[in-house]
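Student: This is the structure, below, for whatever I ask next.
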Amino acid sequence: MSTALLIEQLLNGLQLGVMLFLMAAGLTLIFGVMGLINLAHGSLYMIGAFACAIVASATGSFWIGLIASLVAAAAAGAIMEVLVIRRLYERDHLDQVLATFALILIFSEGSRWLFGSFALYLDIPPLLQGAVPLPGGGQYQLYRLAVIGVGISVAVGLHVLISRTRLGMRIRAGESDREMIAALGIDIQTLYTVVFALGAALAGLAGALVGALQSVQVGMGEPVLILAFVVIVIGGIGSIKGALVGAILVGTIDTMGRFLLPKTLALILPASQAGMIGAALASMLIYIVMALILAFRPRGLFAA
Amino acid sequence: MAAREPTVNTLLALLLMAVPLVALAIGEPFYITLATRIAILALAAVGLNIALGLGGLVSFGHAAFFGLGGYVAAILATHAFNGEPLFLGIPGTTSMPVIWFVAIAICALIALPIGAISLRTAGVYFIMITLAFAQMIYYFAISWPAYGGEDGLSLYVRNSLPLVNTAKPLPFFLVCYALLMLALALFWLIRGSRFGAALQAARQNATRLSAVGIAPFNINLAAFVMSAMMTGLAGALFADLNRFASPSMLSWHMSGELIVLIILGGKGRLFGPVAGAMLYVFFEYALGGITERWQFFLGLILLGVVLFARGGLLGLLAGKVQHG
């Protein structure tokens, strides 16, 4: 096993991690501010990917597609919030789970209706095609590096937004005491819609960025959604910092587990068995890590 | 008010019983399969209703137990069919009572650690953790090639029961129906028992329950395990109905569906899961006949029920639930 391969896998893990962060940041923000669990967050990811793929193929520009994905996901999020989500804030979590589960059915079947069951493809923009050399003699896809860069900039941007701006101040105030900030004359309904649209836009961005690496299809949001849940549970629901740490942790552990476990087991078991058991164990690894973390810290690493 | 509920319950039980008889009379055996599907899904949901309805434990991972039960049935039958022992020389079997027992026992063994870890948390954390555990088992099933992986595992023939010809639709329906009635009786007994009172108290006010000297954790864990056992039994029957254990039985959509059944029917109500399963299978069949996009409309209906018609079908038919 060469160093280059190891570095490549680590970068892949990081790339998965920052994508999970984009999803998890929205989820955790929405939970932190509005106390809402949103299963349909994966649908917003899918909407972002579809918007990007369709606009990019119509205009020929990935960048316009990327903007379209942000706009489409934010708009879908805002509409969803005004029509449905707003009625759920005062309800218990069971009602929230069910209503957003219903939204998933509507979004998934709706987009299958509109776009068919076939996958769409999204090309990597020419500017970011090609590879960069890695130390140790390997090559790494430039696009994936750019994705990591976008993820890190969003994390920094989000930090600045929440800790330095007036909107961020209101978001933090909303997290600690929503009655109080409403009493202080802040339009809490608009704030909620803005936060929801912001989370949706982040999910849409993640969908569009990943769409160029994989295919764009109905149901693409669900595996990511569940991983994002694992991330925010590990990180502590409501904490952006927790989402970042959890996302990087989950991305790296998942990728490295799939890479290293079969190889490690091969040292003690016959090759065919090692591959099989290794793959099965690797697919369970992050859930085992989650269970371990929760056994010691039931409210996550950075409980809010 | 509540006085209407026993009447509605009796009518629902009779209605479910009547479907296969009418189907047989008009020569449409397909409807017997639908009725069997209703009975099995209702059984699974009665199981979940112990945790969710009585204990307020929103488990979003009960598909794990439904699927485990299904895989137990399929794996034991496969080994019985090809004559290879499972491990340590234990043979497979096609005997339903043995399969049921093993399915229930395995679900209890797996629900115990899952419940013990998950119940350290509450609220949203509990929802997400049960979901994550179910996903863990799902991914294990699809990446483990020995028992079919992503393709699932077929049963060559339906498993057998002494004195009953389970290969025929009606006797198999009767078996499932009888088990459903048994489960409902059990649910009723649990709800009325001292344990049930403690479980409902744990939902309403855990602090107060601890103050009278009962640990909510133990009560909730016992409820979670019992609930998993019942859902696992339903899973074994479901695999026998379809003669197929598929990874989709373990998927999170299944967990969602089980919750949907309870909410459509009425949370915490004795016959809520039965009413919900009838409604669900009816929608699936009626809407599925009109459009292949039936899930879109199911989503709309579900959204309407959650937002505007709280209490589900039983809430509509038998009035509000009495506080207990």
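Glycine too: its Cβ is placed from the backbone N, Cα and C atoms.
Below are the features I grabbed from TrEMBL:
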TRANSMEM  B:35-52  transmembrane segment
TRANSMEM  B:59-78  transmembrane segment
TRANSMEM  B:98-117  transmembrane segment
TRANSMEM  B:124-147  transmembrane segment
TRANSMEM  B:170-190  transmembrane segment
TRANSMEM  B:211-238  transmembrane segment
TRANSMEM  B:258-283  transmembrane segment
TRANSMEM  B:295-318  transmembrane segment
Student: How about the transmembrane segment (B:211-238) and the transmembrane segment (B:98-117): at least 3 CB pairs under 8 Å, pairs 6 or more apart in sequence, or not?
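Tutor: Yes, the transmembrane segment (B:211-238) contacts the transmembrane segment (B:98-117).
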Student: Counting only residues 6+ away from its ends, which parts of the chain sit with a Cβ under 8 Å from the transmembrane segment (B:295-318)?
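Tutor: Tertiary neighbours of the transmembrane segment (B:295-318) are 2, 4-5, 7-9, 260, 262-267, 269, 271-272, 275-276, 279, 283-284, 287.
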Student: What residues in the same chain, six or more past the boundaries of the transmembrane segment (B:35-52), come closer than 8 Å to it by Cβ-Cβ distance?
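Tutor: Counting only partners 6 or more residues beyond its ends, the transmembrane segment (B:35-52) has Cβ contacts under 8 Å with 16, 19-20, 23, 58-59, 62, 65-66, 169, 172-173, 176-177, 179-180, 183-184, 187, 190, 223-224, 226-235, 237-238, 241, 257-259, 261-262, 265, 267-268, 272-274, 276-278, 280-281.
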Student: Give the one range among B:59-78, B:98-117, B:170-190, B:258-283 whose Cβ atoms make the most pairs under 8 Å with those of the transmembrane segment (B:124-147).
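Tutor: That would be B:59-78.
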Student: Which bits of the chain, at least 6 residues beyond where the transmembrane segment (B:98-117) starts or stops, bring a Cβ under 8 A of a Cβ in it?
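Tutor: Counting only partners 6 or more residues beyond its ends, the transmembrane segment (B:98-117) has Cβ contacts under 8 Å with 61, 64-65, 68-69, 72-73, 76-77, 129-130, 133, 137, 159, 220-221, 224-225, 227-229, 231-233, 235-236.
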